[in-house]
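Participant: Please find one structure pasted underneath; my questions will follow.
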Amino acid sequence: MELFGTDGVRGKAGKLLSAQLSMRLAMAAGIYFRKNSRTNKIVVGKDTRRSGYMIENALVSGLTAVGYNVIQVGPMPTPAIAFLTEDLRCDAGIMISASHNPYYDNGIKFFNHQGDKLQPEDEKAIEAIFFDEQTIEENQKTDQDIGSSKRIDDVIGRYIVHLKNSFPKDLTLNGLRVVIDTANGAAYKVAPTVFSELGAEVFVINDEPNGFNINEKCGAMYPGELAKKVREYRADIGFALDGDADRLVVVDEKGKIVPGDLVIGALATYLKQEGMLQADAIVATVMSNKALEDYLATLGIELVRSNVGDKYVLDEMKKRGINFGGESSGHIIFGDYSKTGDGIVTALQITAYMLRSQKGASEILYPFSLYPSKMENVTVKEKKPLETIEEFPELQKRIEKSGIRSLIRYSGTENKLRILLEGKDQKKLEKLMEELIQFFKERLS
């Protein structure tokens, strides 16, 4: 059994993610982190789900049982926990969140002492300890070796200062009207405070979490309400965060939702203009539109592609000395300020670009047009390696020659083959998609 998925351990709270599993996972992680412990402290944060209380208490029990001292900071964005892990000199950080998922799901994400998400080898080592009864028993502490726990409520101030430090010192948001949808999630206090303190007139929606309404028809997954409110309040821009605030969706002053690849392109333009872009390159995933790549090339910026997931984006950034990257889904990483996607940092950089350029959101956020794209799923009986399917290599060569970009891969969670096609000719795309669906149905369904 594998515990870790693409972003930590995630599942339905009380079922897959039970109190028992959470406590044992905390013990296993604590045993692993203590091997290279420097301070014997771990910080734990959460979003606003009701199940967060259960999981938090289970994690604290598990960590203190193996001798760790725990700092509990309550509801905080995921990027805040990444920041605080390093800022508070902790051995590790743990965030309890299922990000954009519904309230009944929850998850546990780990950060190392530098605030980075764990590498696969770290996760495998924790899993091995989790399933090793003897190691768990041998590391259970007694007497004065049992750890302690304390709750600190004022660390939110440290994160707010950090966010404001990411905004240019010579600018203020005075006169700017901003609507923020906090998705009834972890940033319901932080996001409005930061924008207000920088001088903006802030209108906040979905900022009354009750444990069950996180991401409920609101936030980054449902930006429709934000679009209406931007028009209603005649705001200059709108920002929708998800439940743990590592993702951002942007709405311009006309109430139009801006595609993520355009946001990435606009921010790359800004960083290049300001001389802040390192290595003349950015990282995006295999899902980003080819038009982004072609546009960046006109600016002398290389687009490096990574696998899907912000931790893979960050890995590629580190490898190549790049300080900016993101996913079209809204996870955007400014390497100078954050080790993970940070929706609030991204929102601040967009407003800085507006102020620097003295232009409205709609004037800066559409630097190019996306190429037509089409995505379809084919249900499959088995996930045969694609390269072993007869005639597939020849078909791939033909697609490449046609000038159409294709991404064909199996879903990680379902018995489905996902087909993404992109190109300048919509009719050509549709014809090829029909051919591919038929091809794979005959061979895999």
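Glycine residues also receive a Cβ, built from the backbone N, Cα and C atoms like all the rest.
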Participant: The Mg(2+) site in Swiss-Prot lists Asp242, Asp244, Asp246. Which one of Ser99, Ser402, Ser406 belongs there according to the record?
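Facilitator: So, going by the record in Swiss-Prot, that would be Ser99.
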Participant: Cβ neighbours within 10 Å, counted over all protein chains: which one of the binding-site residues Asp242, Asp244, Asp246 has the most?
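Facilitator: Most Cβ neighbours within 10 Å: Asp244.
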Participant: If one looks at the chain holding Ser99 (active site, phosphoserine intermediate), which residues at least 6 apart in sequence have a CB under 8 angstroms from its CB?
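Facilitator: Counting only residues 6 or more apart in sequence, the Cβ neighbours of Ser99 (active site, phosphoserine intermediate) under 8 Å are Asp7, Thr78, Gly107, Asp242, Gly243, Asp244, Asp246, Arg247.
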Participant: Excluding Ser99, Asp242, Asp244, Asp246, which residues of the same chain place their Cβ within 8 Å of the centroid of the Cβ atoms of the recorded Mg(2+) site?
Facilitator: Asp47, Pro77, Thr78, Ser97, His100, Gly185, Ala186, Ala220, Leu241, Gly243, Ala245, Arg247, Gly341, Gly343
